[in-house]
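According to Swiss-Prot, the protein carries these features:
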type: BINDING; residues: CYS3, CYS6, CYS15, CYS21; note: [4Fe-4S] cluster binding site
type: BINDING; residues: HIS129, GLU153, CYS197, CYS283, CYS311, CYS336, GLU370, LYS372; note: hybrid [4Fe-2O-2S] cluster binding site
type: MOD_RES; residues: CYS283; note: cysteine persulfide
Amino acid sequence: MFCYQCSQTVRGRACTIRGVCGKEPTVARLQDNLLFAIKGISAYLYHARELGYTDEEVDAFLERGFYSTLTNVNFDAGEFIDLALEAGEMNIRTMKLLKKAHIDTYGEPEPTEVRVGALEGPAIIATGHSLRALEELLKQTEGTGINVYTHSELLPAHGYPGLRKYPHLAGQLGGPWFDQKDTFSRYTAAILGTSNCVLLPRDDYRDRMFTCGVAALPGVEHLEGYDFSPLIDKALELPPLSEEDATTLTTGFGLSTILSLADKIRELVEDGKIRRFFLVGGCDSPLPRAKYYTEFVRKLPEDTVVLTLACGKYRFNSMDLGDIEGVPRLIDLGQCNDAIVAVELVEALSNLFQMDINELPLSIILSWMEQKAAAILWSLLSLDLKGMYIGPILPGWANEDIVKFLVDNYDLTPIGDPEEDIRKILG
């Protein structure tokens, strides 16, 4: 543990073995866990509020959750487990709210092929998660000759009719969040960071990068009120991009699209042509261990279907996995907040096959990087989903007591060797 939130803290530095107040190390770690989950919920709630959607019940939980971690309020480990599970439930509620906000505003996502590569002309690259910021940027760049490209978690924006209607939404440049320094250095474009997943910029593009909303970087101009005039002016000043050879990615598989295939999916499963579904995704990590997810998907047999979401998909979304009688073997469900689509899909499959969720031909292979993934993990645990795999490493705040609880109650398993894990899952 490491706690220094009150004046009693040991030597005025930190309590690292046991709190002077009596707080046990596991309680301290569970408090951290709750705060991480609350941070994740707050990110999704922020983006819903951008579009005018709020939830008083979620707001009230955030107040109670934060308050519970104050000094001398709650010393009960079991209560903090319950609060973490409640945080998972509140995160599901928040993701549903954000999904409604996105669909009400931009329409139901549709499968869409996205160009990956530059076109000739001045350019702006938008990174992060804010569809609202992207929409305002597209409005303000109409008729300017500027091509707007998405990066990382804004890729799914191309699937929304209300955003795809802008012809100058030109495609995608780069991949996951951690490639941005190379991507932004490579292209002479103006850059907009709209949310989390921005990195401290290199000097060679710092003067052409801007932030908005919650994002902020030292030495980078922050734009208030969605007024992107300085960003647009910078894009027009810079040398235009040259057209380059391009590839394509497919995104935009909303729940309704998948449910339209329900009868065919049931037929293929009952006929043994689809053996199992694998939900492989989450936050990507630059750790070498994250190569596991690439190898895992590459080694899956051809009678399996891969569902993916968030930036973890960049580990394998360029693979051509083909289809099984018209059902794509690789289905991109969207951003990390679109984990709600995965949750709803699990429930839909349970109804389709009249099975308990833990009896479904479905395995979940999670990758995590930061606090939003912690919120999503507790969302899945709140549904009593068992047998999930998690990587690239176990969360650092989970000590032996917490790991034992997760293993004993939910059969949560650290990723191992891809081939061995597949063999174990498929029997």
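Cβ atoms here come from the backbone N, Cα and C positions, even for glycine.
Features recorded in Swiss-Prot, as mapped to the structure shown.
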residue : record                                  : DSSP class
CYS6    : [4Fe-4S] cluster binding site           : coil
CYS15   : [4Fe-4S] cluster binding site           : strand
CYS21   : [4Fe-4S] cluster binding site           : coil
HIS129  : hybrid [4Fe-2O-2S] cluster binding site : coil
GLU153  : hybrid [4Fe-2O-2S] cluster binding site : helix
CYS197  : hybrid [4Fe-2O-2S] cluster binding site : coil
CYS283  : hybrid [4Fe-2O-2S] cluster binding site : coil
CYS311  : hybrid [4Fe-2O-2S] cluster binding site : helix
CYS336  : hybrid [4Fe-2O-2S] cluster binding site : helix
GLU370  : hybrid [4Fe-2O-2S] cluster binding site : coil
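In sequence order, TYR4, GLN5, GLN8, THR9, GLY19, VAL20, LYS23, ALA28, THR71 are the residues of the same chain, not among CYS3, CYS6, CYS15, CYS21, whose CB sits within 8 A of the CB centroid for the [4Fe-4S] cluster site. If you draw a 10 Å sphere around the CB of CYS21 ([4Fe-4S] cluster binding site), it holds 14 other CB atoms from the protein chains shown.
Neighbouring residues of the recorded hybrid [4Fe-2O-2S] cluster site, listed in sequence order and excluding HIS129, GLU153, CYS197, CYS283, CYS311, CYS336, GLU370, LYS372, comprise SER152, TRP177, ASN196, ALA310, GLN335, MET369, ALA373 (Cβ within 8 Å of the Cβ centroid). Across the structure, CYS336 (hybrid [4Fe-2O-2S] cluster binding site) and CYS15 ([4Fe-4S] cluster binding site) place their CA atoms 35 angstrom apart. For the pair formed by GLU370 (hybrid [4Fe-2O-2S] cluster binding site) and CYS6 ([4Fe-4S] cluster binding site), distance between Cα atoms is given as 26 Å, rounded to the nearest Å. A 10 Å cutoff on Cβ-Cβ distances gives CYS197 (hybrid [4Fe-2O-2S] cluster binding site) a total of 25 other Cβ atoms nearby, all chains included.
Residue pair LYS372 (hybrid [4Fe-2O-2S] cluster binding site) / CYS3 ([4Fe-4S] cluster binding site) shows a Cα separation of 22 Å. Local packing around the binding-site residues CYS3, CYS6, CYS15, CYS336 was summarised as the count of other Cβ atoms within 10 Å of each Cβ; on this measure the leading residue is CYS336.
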